[in-house]
Number of protein chains: 4
Amino acid sequence: MSSNSFGKLLTVTTFGESHGPAIGCVIDGLPPGIAIAPEDFRQDLERRATGRTRHTSARREADEVEILSGVYEGMTTGTPVALLIRNTDARSKDYGRIADQFRPGHADYVYWQKYGVRDPRGGGRSSARETTMRVAAGVIAKKWLAERHGIRVRGWLSQLGEVTPEGCDLSVVEDNPFFWPHAAQVPALEAYMDALRKSGDSVGARVDVIAEGVPPGWGAPIYGKLDGMLAAALMSINAVKGVEVGDGFASVAQRGSEHRDVMRPDGFESNHAGGVLGGISTGQAVRCSVAFKPTSSLRIPVDGLDIHGEVVEVVTTGRHDPCVGIRATPICEAMVALVLMDQALIHRAQCGDIGEVTPRIPPGPVEGDG
Amino acid sequence: MSSNSFGKLLTVTTFGESHGPAIGCVIDGLPPGIAIAPEDFRQDLERRATGRTRHTSARREADEVEILSGVYEGMTTGTPVALLIRNTDARSKDYGRIADQFRPGHADYVYWQKYGVRDPRGGGRSSARETTMRVAAGVIAKKWLAERHGIRVRGWLSQLGEVTPEGCDLSVVEDNPFFWPHAAQVPALEAYMDALRKSGDSVGARVDVIAEGVPPGWGAPIYGKLDGMLAAALMSINAVKGVEVGDGFASVAQRGSEHRDVMRPDGFESNHAGGVLGGISTGQAVRCSVAFKPTSSLRIPVDGLDIHGEVVEVVTTGRHDPCVGIRATPICEAMVALVLMDQALIHRAQCGDIGEVTPRIPPGPVEGDG
Amino acid sequence: MSSNSFGKLLTVTTFGESHGPAIGCVIDGLPPGIAIAPEDFRQDLERRATGRTRHTSARREADEVEILSGVYEGMTTGTPVALLIRNTDARSKDYGRIADQFRPGHADYVYWQKYGVRDPRGGGRSSARETTMRVAAGVIAKKWLAERHGIRVRGWLSQLGEVTPEGCDLSVVEDNPFFWPHAAQVPALEAYMDALRKSGDSVGARVDVIAEGVPPGWGAPIYGKLDGMLAAALMSINAVKGVEVGDGFASVAQRGSEHRDVMRPDGFESNHAGGVLGGISTGQAVRCSVAFKPTSSLRIPVDGLDIHGEVVEVVTTGRHDPCVGIRATPICEAMVALVLMDQALIHRAQCGDIGEVTPRIPPGPVEGDG
Amino acid sequence: MSSNSFGKLLTVTTFGESHGPAIGCVIDGLPPGIAIAPEDFRQDLERRATGRTRHTSARREADEVEILSGVYEGMTTGTPVALLIRNTDARSKDYGRIADQFRPGHADYVYWQKYGVRDPRGGGRSSARETTMRVAAGVIAKKWLAERHGIRVRGWLSQLGEVTPEGCDLSVVEDNPFFWPHAAQVPALEAYMDALRKSGDSVGARVDVIAEGVPPGWGAPIYGKLDGMLAAALMSINAVKGVEVGDGFASVAQRGSEHRDVMRPDGFESNHAGGVLGGISTGQAVRCSVAFKPTSSLRIPVDGLDIHGEVVEVVTTGRHDPCVGIRATPICEAMVALVLMDQALIHRAQCGDIGEVTPRIPPGPVEGDG
């Protein structure tokens, strides 16, 4: 029941502080026979990496993943896979001034209140650096889902501050630093971010993730529902303030006659549900949205408190993202992939004897593919 | 790891189908010495009950709670408390026609796909009848939170279809059948619901819950965060499609300079965070919003499929709510209360040795109280 | 993490006190499609029942099992199965005198110390009445193991006080009230028990259980080992003070050259390991032994303490077994069956993709079959 | 639900193979404010270390513990503590010959059957090297138990092959390489072990552990009983075949009038129960015994099988202990300490509001102290 673990059969435990010696994770429950090599982690870690563009924080980590266990001759053996990344670019001096300060909008004050002590170096455990290990673990889950079930998990930015996409073409998402699904808007986004950075302020972002190819039947009612597990996993990411499945909050103003997705032998007619009904996958694309708040580390001065209860002026001068949501895209993908793989194993355990159940309805159209 | 259980130290396991002999729950981990009597459950069960007004389903259950264990001379003993409610008003004949049909927007098809079999009587396990037991368990959690920590958990409807409150006065919420925080709108809502019911259609709803009095320090990073646990608990409720904490999706378009809640010795200046930072309570009111989709049980005919893969016309004639979100208010409250009590126990386990940590910042203003 | 639950994927939660309204359990994680009827429970409940012979306690319960959920048209549906037994023969007046007394060897004092309160009626939650639900749940597990995997789980008494079997013929175990594997000794055991009961004293017992037909590969190292799970499950039974797997404590004085079970293509040559190596089943019969202490409820007076700290004389006049271990045989079987079924599901989740692995070694000879 | 994790609130997850790059663990749930330094682990790791005397395996590891996380300025912060030990003395060539062989009495065959693949280097994950991390984690638990509750956990060898102690003076246990409680026998044990090693054979051992100072009330009935958790924890250690609490299997032949420990205002008169009744600590010393089988790695040739199903001759030439039980003493202590600390936290969570409950009975005499 470690609070630093998630997943029931595929359990990921992470550890490490932003400026400690290392961060790492232990991934337990992986089936044997999955090919894993250190270089497999590179692509997604780079997608997540700070320092990729001028629009994200300047911290540069090599982020070299060392596989400490669970892999023999390049394949998982069924024993726990431990991954380790040394912290090589932890400039603690950047943070020295704030050791005794509680920055508004940060976890400083609450860690202090909870534990009576806190590691102030770079946010300690509350730093988004922890999400590196989620991405690494997610790489294995994505691989297994793709190879074993033909599932593809992908995310994109569906809102940046007040800007929304003017179109949705998922094929362009990886071609720009914003994971943005409409190429024509990218120059405007560059300008938007430059102005924002110049102002010293920050904005929030919205990330969408879909998983295509998920078969019907995954998710374990009532308290292990697929959407419930997705909500927990996504809400656990730093700076997340909201999670939607399918039409989410837009469902509130819909009529039932509009929302209910008609099933036909040749496929679902729509996907307002986001691929989940009653907590179980329908066979359609599983679709979630995640709201990221604007980061609270700003160059704009603000009043904070210190540990003596005195008001102090807080200015963040370290490396920070003006929009943490941008590089959260691969983190969200990773969490969705890990939840799906866990649910796949749970489903197999209870219902593994059941063959394919008929009738099976094709998924219908998928957003962003045309 | 029962998927029909939730909570880590305060664990609630529910069982029962809509039209089976009974529904019930086992609540484990309750501290000894909590006074419980069968009549304690009445008020919240009535708040949730179907049949309370013409705006909700006509099913009438006595919903008499029997306490089967864990209570001796009116007090909890520390052993599991089992609660049982017999299903007395289960008219299975209402559902006979749909035994072989998959209704769009319902869990019929996915249960069939998952288990290869399904109990079609009233939705079986996927029925919202299950939430009765959440409310019952929540009564005990609310009581403990109030008596032990002075915490008050309350909810209200913050959107009904496309209608939003024109004011927020929480003192009137219990005086109208919609849990609506603005009395002057109630007649218009009555008319709105009458028209909706006449049309045979349904709408969604949005429920807000706040918990006042939560001390700082509750919530266990990283994967046991208070907001993560709230998201899982709330998303597990039938028909929920979205969960927000604090400003939720509105945070996306905010600036960091606006969102970060300034702390002063005399209190927080705002509560955009919704009382949670880094997954830990701040001492402010914990605030969540939940999106309910419009129910899919409509008198408006729609195409469905049957178990032979043939298209059939589906019309729901049984008792169903045109807006399931209305009576979800006490369910949401219950889930918030259960999560908070669980987190209180978890916090005490790990950090029970730490006395009050200073400085402690007052919560600041609370929505709806003026 | 309910402490009244056990099993990871097949999770059994029990509730109820000896003299409360009812006892019951919730069994979650059962695969769909298992045929269950109320009469299925009868045989094992009678085997366990108090009052079966003059050698066990005179309490007579109808022990009628009501299936409250999870079964539709006689088959499990994949949702939780709740079972309920009303307490019909709870003569609380038998226990009134001891409400304020701590009986030596009982849980009275420790429940008082732990919870500050206790239900004194018949031992409350600490009564062996709770094991009724284990036996009921075990019936389903035994059935699934038999039908799905051809596994047979059976137990017998391998020691009664200082008496040990002079032979081991498992075919006679069900023909005598002692579950004794050597028919010729039964008259002597009758006389032994009569003398014991007359003396007002009690003795311990040792129960052996084997499970034949368990395939190799079940058990999840390191902390979910098959033998570790068996140890936890068996030690959780009332009055158990020791658990062995295979040769158990006799292994201490063995030489490695004797203990290691030689494998040959036509079978294992011996089974000192008891069918488990490295926490994983070998394909041989899984074999455990369990030590039951003598019950502490005696007609022989003894000093106890009362809740005021005063010494009082304690004499038990209620109905109690002079040897609780006798009717523990079906309880032990049930726990072994439940652990095995849980491990089967866990194994399928992680390793379900792997086909039969060669070479597979036949189990070799089984104790008690010739 | 990682099978490589144990403990509910104090959760230890271990990883690593005998001859992989490293072994390690993540300890989650530690209260903040515990002083920890790398050198704290030295003493118990040396007590456990292979190569300490000629009577244990010659493998020599530096076993330098690196603290990767969770400690700031020498104190735990409440975040997970990860410990890492590099494998520096892994001579894989010793094991090359057996890569395709299944050694009798080892986990080779069962890992192969379970996972369809196995890491043959030094036993891979099934090696006792994993227990190093248990000892390291146990150091922290012992420290917390001592400082917070005045509890002392200590173990000794209570049987070596067929030899039993002729006296029990726990003050001499740390003065001889056998953790033997009777100094006069040590020369004879030396001779015994020399002869054994010369013969190429091995023997089993029995380890006893007591924990003094445990307050009454720890342990969570029914399936989280203190003795049940001890049984699971101890049975999970490599080579363990039996676990007893208190008088264990000797209880079987006892009379109830003998076994029940009389309580008096000035203390318990005896401790047959081993400090646990009804799964809850009594306030007496908690006492367990553990049976270790003789190691199966022998220089005496034996038939094994290879992965093609052919019979092969197996001779172990690597470094192995003729009695693995000897250095298991600190491992058993560690597991007892970890279980106790976990139970302390669980108890505090549920019953933390209850003050000291009266009457409280003193523990009475403790074995081995005079």
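The backbone N, Cα and C atoms fix where each Cβ goes, glycine too.
Keep in mind it's a predicted model, so treat the numbers as computed, not measured.
Counting Cβ atoms from all protein chains shown, C:Arg48 (NADP(+) binding site) has 24 others lying within 10 Å of its own Cβ. According to its DSSP assignment, C:Arg48 (NADP(+) binding site) is helical. Here TrEMBL flags C:Arg48, C:Arg54 as NADP(+) binding site.
Around C:Ser127 (FMN binding site), the same-chain residues at least 6 positions away in sequence with a Cβ under 8 Å from its Cβ are C:Glu17, C:Ser18, C:Asn238. If you look up TrEMBL, you'll see C:Arg125, C:Ser126, C:Ser127, C:Asn238, C:Ala239, C:Gly278, C:Lys293, C:Pro294, C:Thr295, C:Ser296, C:Ser297, C:Arg319 marked as FMN binding site.
C:Arg48 (NADP(+) binding site) and C:Thr295 (FMN binding site) are 16 Å apart (CA-CA, integer value). Proximity to chain D (CB-CB distance below 8 Å) holds for C:Arg125, C:Lys293, C:Thr295 among the binding-site residues C:Arg48, C:Arg125, C:Ser127, C:Lys293, C:Thr295. Contact annotation for chain B: of the listed binding-site residues (C:Ser127, C:Ala239, C:Lys293, C:Thr295, C:Ser297), none places its CB atom under 8 A from a CB atom of that chain. Other Cβ atoms within 10 Å of the Cβ of C:Lys293 (FMN binding site) number 30 in total over all chains.
Counting in whole angstrom, C:Ser297 (FMN binding site) lies 19 from C:Arg48 (NADP(+) binding site) by their C-alpha atoms. Rounded to a whole number, the distance between the Cα atoms of C:Arg48 (NADP(+) binding site) and C:Lys293 (FMN binding site) is 17 Å. For C:Arg125 (FMN binding site), the same-chain residues lying six or more positions away in sequence with a CB closer than 8 A to its CB are C:Gly16, C:Glu17, C:Ser18, C:Tyr111, C:Asp119.
C:Ser297 (FMN binding site) carries neither a helix nor a strand DSSP state and counts as coil.
Between C:Ala239 (FMN binding site) and C:Arg48 (NADP(+) binding site), the C-alpha separation comes to 15 Å.
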